[in-house]
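Take a look at the structure set out below.
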Amino acid sequence: MLRQVLHEGLRTSFSKLGHFVANHPVFFASAPVLISILLGSSFSHYRVEENVEYLLAPKHSLAKIEGNLVDSLFPVNRSKHTLYSDLQTPGRYGRVIVTSSARGSILDQHHVDLILKLHGLVTKIQVHMNGFNYTFAHMCILDDNKSCIVDDILRVLEELRAARFANRTGGAVRYPITYLRDGREVYIGHQLGGVQSPGKVQVKHAEAVQLTYYLQAVNSLNDVVAAKWETKFCETVERFQQANGELKMYPFTSSSLQGDFQKTSKVSERPLITSLALCVALAVLFCSMRDCVRTKPWLGLLAVVTMSLAMLTSAGIINLTGGKYNSTFLGIPFIVLGHGLCGTFEMLSSWRRTREDQHVKERAAAVFADCMLPFTASTAMYMVTFGIGASPFTNIEAVRVFCRNTCISVFFNYLYILTFYGSNLVFTGYLENNYQHNIFCKKVPKPELLQQKPAWYRFLMYTQYNEEGAESADMNAYEGHLLVSFMKRYYCDWITNTYVKPFVVLFYLVYISFALMGYLQVSEGSDLSNVVATETSTIAYTTAQQKYFSNYSPVIGFYIYESIEYWNASVQEDVLEYTKGFVRISWFESYLNYLRKLNMTTGLPKRNFTELLRNAFLKLPQFCHFSDDIIFARRAGGEVDVVASRMFLVAKTTENKREEMYILLDTLRKLSLTSKVKFIIFNPSFVYMDRYASSLGAPLKNSCISALFLLFFSAFLVADSLINIWVTLVVVSVEFGVIGFITLWKVELDCISMLCLIYGLNYTIDSCAPLISTFVLGRDFTRTKWVKITLERHGVSMLQSYLCYTASLLPLAAVPSNLTRTLFRCLFLTAFISFFHCLAILPIMLTFLPPSKKKRKEKKPAENREEIECVEIVDSTRVVDQITTV
């Protein structure tokens, strides 16, 4: 009883709100426009978020803490000889992968000469700034000899060329660890790729070489110069490739990812305009009728204008509050569009069910009472689900910012539909009641006068006059709408046909089977190439690196951050056991081998072990570079001790390199917690991998939990708790299907697809809630009859919103960007599966599942008594004599 009272109270409140809007239509039509212009004008000076790591990497990450510890112990300036390309990224850098277009090896004489020539051109790049020409020598990281640090593969290539000039056989190039002429052992697995005969033998054939040039960016001036140098670096590489067609080059810089991430916005401009045009055209078409009075093309246009005003207002607020734009915001207009289309078309459908002989204010009040309660509930669901995603508990900044801005946009969209669109509905209502042409606003002549006009005039001014004001006549007038006629005369009878039901149920079982198949293959997508434009240097470079350098993992730093007994034989065995199975670049292993070659035991006393390490081993030319990997400290008694050290590990990988890195990171983390030796591992890519799955799934999980909790809690407030039960079942079925089918469509679960799944919760509720509510609250007819009534009332609005929304999504498929590709596939599947549930699965299920419908016959004590009431309604449009028999 309490639920019914509350339900009626809310309906009454929205009815009064409709009266209020209808009494002040000019104010509510102009105020949103003025607010949008004032706030939206500030969006012309929007700012762009340039830090991609800040957006896409988890904020609270163990890898960031480990990275800070690593930088404090072994800063970049201390890494004089071991700047591994995938281990350290000190600010600015330029990187290029060089491959051969022909079938020859990249280590051939001609290719070696070209690579070294390219290296010479890169080192001579000049950047003019403040009257000074900066070159690579002015900005590079220097070693102890004040020379620029370059990759070890360049030394290998120089030694090969020197051996050829001296007419002697070149040294054997081994892979992944080789030896320079000075006896130094270096790892080139990340610099030489596509090796066909890997192992500790001479490399016979290689397909790619990767070169990296690190720049110092210690202050703002250096950073500006380095940014310009990166641009010239890409231009130099492109010019060199044009001049040497036998080489194929893939340049990449520290700013490439940022530029390619924002490039999606630029390549999406025309498709977004096309989306808007398609949506407007279909909205106008679906609101039009042959009847020139009852047609509502302006309302179709104004529906899109309403959502555009809401987007403009929210963009202005975001800009004024210090928000920065990024390419993930491209999904917000489509979320607002899906939310707004459901609300506006439902209002228009409700307007068709009102009586034409009523005053416009009464009709507006009836529309608000009928539509605003479910629309408000679905808007509240948007605010809750996306509000949870915008909370500080969300660990990925891109998700948090997106959810916050979506909440603002949806909120203003809701307000503007209530005010701006509601007031324009009132204006068109006055035109309809006055029998004025809904486009030209000209008074339509009565039938007897219209017959005297020319044929073209009769065609333009055709309408169905309704002098009696009977309800049946009203409904017949609107049956001229194509979709209304299709839904009432054909679809409702067909979908409830006894012979159709088994096929729909079978089709649903097939749907569940394929969804389950995809659900079991779900994969996480932490690859940053999933959020950039496709035809960019980032994609080309990533593809080349995956093709030529997938044999080995990125270089992993193994850092022992506490003083341990390196001289103890059991500790030595533990350290070697922890690093077993890896390709190792380790001072520790080299030192133990050095002691064995001297016929000395490795279990020396502490003092002897340390003295030999400092004064003998690290003094040799082939081992002196290991001095960067050890931190010595003098104790109180004058004794020197190793307080921290590092080693470098490389794992053998396959094509599933990313998944293997997840497992490897997990395994080493667990080992570090239980081992006797206190160590940490680090690689810059761990910042994106670490806790990515939990950080990514948290907003979706929290949103689902909050949505289910809100549905459960509101079950005690709505008129019937079965409404929420059915809504929950439909939402679960749709979300399960979307996750499964996007996986089959090769979409990984990254931040974009997760946001689309959160939106899928709300879009499904928007679509199915009015239909379920009408069916559950219906009485006095059978289930099948109420399914037909429900589809007649809400099926047209669902069909209209789905077609408009899908048409607006189609141009996204043509955008050359992985981000928009994910958006299109996720949003399209969400709309399609929701539509399939609302217009096929749900009507069938409701015909044989609760709630039951029992036809009730109420006895009338005085059936023969007739009461005739004459009511004369005088309004601003016309005088109607209404005779009603009760």
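Cβ atoms are placed via backbone N, Cα and C, with glycine included.
Secondary structure of the domain 'SSD' (286-427) per DSSP (helix as H, G, I; strand as E, B; remaining residues coil): 113 helix, 2 strand, 27 coil. Summarising the annotation, TrEMBL assigns domain 'SSD' to 286-427.
Summarising the annotation, TrEMBL assigns transmembrane segment to 272-289 (among others).
Among the features that TrEMBL reports, transmembrane segment is placed at 298-318 (among others).
Under the heading transmembrane segment, TrEMBL lists 330-351 (among others). Residues 264-265, 268, 272, 279, 283, 286-287, 296, 299, 303-304, 306-307, 310-311, 363, 366-367, 370-371, 374-375, 378-379, 382, 402, 405-406, 409-410, 413-414, 417, 421-422, 425, 429, 752, 755-756, 759, 762-763, 766-767, 770, 793-794, 796-798, 800-801, 804-805, 808-809, 812, 819-820, 823, 827, 831 of the same chain sit 6 or more residues outside the transmembrane segment (330-351) yet have a Cβ under 8 Å from a Cβ within it.
Sequence-distant contacts of the transmembrane segment (363-384), counting only residues of its own chain at least 6 positions beyond either end whose CB sits under 8 Å from a CB of the stretch, comprise 7, 10-12, 14-19, 21-22, 339, 342-343, 346-347, 350-351, 353-355, 406-407, 410-411, 414, 417-418, 422, 425-426, 429, 703, 706-707, 710, 714, 761-762, 765-766, 769-770, 773. Taken from TrEMBL, the feature transmembrane segment applies to 363-384 (among others).
The transmembrane segment annotation in TrEMBL covers 499-520 (among others).
Marked as transmembrane segment by TrEMBL: 699-719 (among others).
Among residues of the same chain six or more beyond the transmembrane segment (725-745), those with a C-beta under 8 A of the stretch's C-beta atoms are 511-512, 514-519, 521-523, 704, 707-708, 711, 715, 753, 756-757, 760-761, 764-765, 768-769, 772, 776, 825-826, 829-830, 833-834, 837-838, 841-842, 846. The transmembrane segment annotation in TrEMBL covers 725-745 (among others).
Positions annotated as transmembrane segment by TrEMBL: 795-815 (among others).
Residues 331, 334, 338, 491, 495-496, 500-501, 504-505, 507-508, 511, 726, 730, 733-734, 737-738, 741-742, 745, 756, 759-760, 763-764, 767-768, 771-772, 775, 783-784, 786-787, 790-791, 795, 798-799, 802, 805-806, 809, 812 of the same chain sit 6 or more residues outside the transmembrane segment (827-849) yet have a Cβ under 8 Å from a Cβ within it. Among the features that TrEMBL reports, transmembrane segment is placed at 827-849 (among others).
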Quiz prompt | Winner by Cβ pairs under 8 Å against the transmembrane segment (795-815), considering only 272-289, 298-318, 499-520 | solution = 272-289
